[in-house]
Amino acid sequence: MKGLCSFAALLALYVPSSGAAGLFGESSIRLSHPVINTPSHTIAGRSGFNITAEFGRYNQQVAFVLEPNRDLITQETRIRYLDSGQNIQDANTIPGQSYHVTKGAVWTKLPGQPWGNVGWARLMVTREGPSPLFEGTFTISDEVFEVQTQRHDAGSSGTAKGGELKVYPASAIDSTGEAGLALNRTGCMTTPGSAFHKRQSLSTEAAPAFGSSSDCFDTKRVAYMGIAIDCSYRSLFDSDADARRNVINVVNTASVVFENSFNIALALQDMVMSESECSNSTSGAHQWNMPCSTGDLNWRLNKFGDWRTTVQDGNAFWTLMTGCVPPAGEVGVSWVGQTCKTQYGMFGSGTGANVVAHSKTEWQVFAHESAHMFGANHDCSSDSCSSNQDPSGDCCPLSSSVCDANEEYLMNPIAHKRITGFSVCTVRSICSKINQAAIDTQCLVTPKEVEELGDKVNLPDGQCGNGIVETGEACDCGGDSCVESEARCCDPTTCQWKDEGYCSLSQYYSGNSSWIDNHKSLFIGLVAGLGSLVVLLVALVFFVLVLRKRRKQRPKEAALQ
């Protein structure tokens, strides 16, 4: 059913049974002794690295085995600024970032036990060096945790100058501080409207099918998207950089469930940033950028969809990030099955656009609404099952024999912090639609197409000075991505090591994982040992020469007597 789907937030304090918050029995845990395990404690230019730390007083070690998420955002990602007069600037590339967006796995270790892989991680490293800071989301045995920096001081760019790392189990995170009920439990619905924009349940797609997840892509696809930040969302943050960083964290985290389920990576190609002051001006094409009192999320989706039809950019879809959360608790609304659609379809079937409201469940809501773009229906709930609703048509059951999905998956009509993935039904349903071409996926690109298209898609193109060591470069210290000694030896125009003075040995001391980098202690020991041996040999030779000289003088002295 290509119609309209909305999403409600559970505004309640999750109190785990037995009074324990998750695995550790606390509402927050201090992450102590974090270390970036590279020679210079920096990560710029590295294809992989790890960060180790300890969970406070629990004596449990954790290692985040990470790599840069090069799919998500690049130097070529475009950003436009929308002023209070609804005037938009020409596109610019996103300013150089002082942080690193990463993806990877979580490993944990107890004393006397081996390391074990226990989950995934999506982290943004905001400070390198001997006392690193980072933020983001990770899982341990399917339990969700958020890492936040408790900042002592922050610069104008929002980069943390000092602070400590706190880990919050999802079960302990509450958006309102109140115990409450699930609000506005809704599913895909029919909404009256004009004949042109009518959202109706005229079915043009197959019902959820229990086919095979193998129907999804064999090789990775990249779905490029646009993000528009309206004035109400921007006003929630101190700066453009803070708002931008939050959005990047949200998309980075949501992408992991798409990659794991459908082999599709989400990537930012375009961003529109509004000013924090909302205008009542109704002129121009950006009528979605209005104060919260102007209209609800459905109204915003209509206006945003109208604007989306004017933008021909090859994006899979656009998402409007808003700070307007209606009292009813709705935190997201989306057209269904409209991936790669830039115009309204027949029978008012919508276009490639959705709306996500700021909340504590923001990445889950974003993943939920993005899945609607690929044709996902809501999971079946106890309400829909008890109402004798046909589970094969309007919702996704737990299995072919069990209706209620028990609120455990991302397509549940109500958002929960603890949810980490899609149900089997959702995965098979979307994969079936992809395989049968029931949804348009022509705008998604493969790694091979990325290489062939070059500048037509926004992946790294070997630009010297972007802080990323790419093919043909020996170093790249753009954006303060290197330590001082490396920066002095890296030619900023050619991204090659300088061959002069002490820099002639830079190739051995760069951040490029040489044998010396990985065995620095052994190397220092060998050098010290060899030096001591040379001194000992020199002393021995000197001693032998002196001894021989004295032996030659003794016979002469005896003859004189």
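Cβ atoms here come from the backbone N, Cα and C positions, even for glycine.
TrEMBL: automatically predicted annotations, no manual curation.
Look at TrEMBL and you will find E369 tagged as active site. Residues or ranges marked as Zn(2+) binding site in TrEMBL: H368, H372, H378. What TrEMBL records for 221-430 is domain 'Peptidase M12B'. Under the heading signal peptide, TrEMBL lists 1-20. Per TrEMBL, transmembrane segment is recorded for 522-547.
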Between E369 (active site) and H378 (Zn(2+) binding site): CA-CA distance (Å): 10
DSSP-derived structure type at H372 (Zn(2+) binding site), helix or strand or else coil: helix
Other CB atoms within 10 A, centred on H378 (Zn(2+) binding site): 27
